[in-house]
Amino acid sequence: MGNKLGRKRQIVDERYTKPQQGLYMSKDVDIKKLKKLILESKLAPCYPGLEETPSSHHDLEECPICFLYYPSLNRSRCCMKSICTECFLRMKSPNSAQPTQCPFCKTSNYAVEYRGGKTKEEKSFEQIEEQRVIEAKIRMRQKEVEDDEERMQKRLESYSSSSSTSAATLDTEYGSAAEDDEEIVSSQESCLPSHHPQVTRDGQFDFDLEDIMVMEAIWLSMQEPGIQRNTSPDDISEKDRNEEPSTPSSSSPSGGLACAIAVLAERQQMVGVSSSNQNVNLASQNLVPDNGNNSHYNAIEQDSNHYLQGAGISYTRSDMTDDSGGETSREVTWQ
């Protein structure tokens, strides 16, 4: 009666009641209080830690903070993780005003208890728990890798679809721009004036021969008065006696004809074929004198025929009029 079942108190050597390893240089530790807690089996003794597990001691435990092996360790009340006494004193400072969190599960009011060495059941249970934790970490890692691959695949698909859409849009825009450029070029070409004279089916320039002959006659009539003024009648008679009769020179008429053709071609280049033909017709009509001056015009025409015959051109004017009084045809022959 009155007997109480309990764990037998472990006898601890006094030298293990204070830090032996010297891992942390802390002056805030109360050595007397620490000794009392160790002797009351509330904290694990401060055994010296080993860096490697000897082959003769397979029951040593590793501290997850300092990675040293000890005969026994403290256990956190929140997550049952092992920790040595020196690491616990470093984590839970007695002069700290804020509550200490568990270094493993981040639970506030971190506290530990000492249960002695682990039994076989506890060790096997810990191994199972560790295996579960490892498997969970592996699954989480695989899930992260799969998520990354899926995200990358979606990104590639979206990029390919957007690139194809942009390429189609660029092709459409390029085609429309090319069509617009072609339309602009064609409109500009149509707006530009033609710098080439109009050519007939026979490969000849479409000039009005009557206008050319009239211009040639005018040019010749302008040249004759100057020659007559500079030459006296005696000189002319003496020159006629000395010179033999010869065919009239065609250099002067041909030169005048070339000048007339050049002038008319230049006018056609500047104002266009249609407008130039109209202007030449108007000029030819203006050059024709009225009925009061027919005698003077006939004299000029006879002179022009004389010089054109010397150049090898036979010009015959045969005008035919229709009922309305308009001119219908003209004849020009070449010898």
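Just so it is clear, glycine is given a Cβ too, placed from its N, Cα and C backbone atoms.
Taken verbatim from Swiss-Prot:
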{"type": "ZN_FING", "residues": "63-106", "note": "zinc finger"}
{"type": "REGION", "residues": "143-203", "note": "region 'Disordered'"}
{"type": "COMPBIAS", "residues": "158-169", "note": "compositional bias 'Low complexity'"}
{"type": "REGION", "residues": "224-256", "note": "region 'Disordered'"}
{"type": "COMPBIAS", "residues": "245-254", "note": "compositional bias 'Low complexity'"}
{"type": "REGION", "residues": "310-335", "note": "region 'Disordered'"}
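For the zinc finger (63-106), the predicted model reports an average pLDDT of 87. Helix, strand and coil counts under DSSP for the compositional bias 'Low complexity' (158-169) come to 12 helix, 0 strand, 0 coil. Across the zinc finger (63-106), the DSSP tally of helix, strand and coil residues reads 7 helix, 7 strand, 30 coil.
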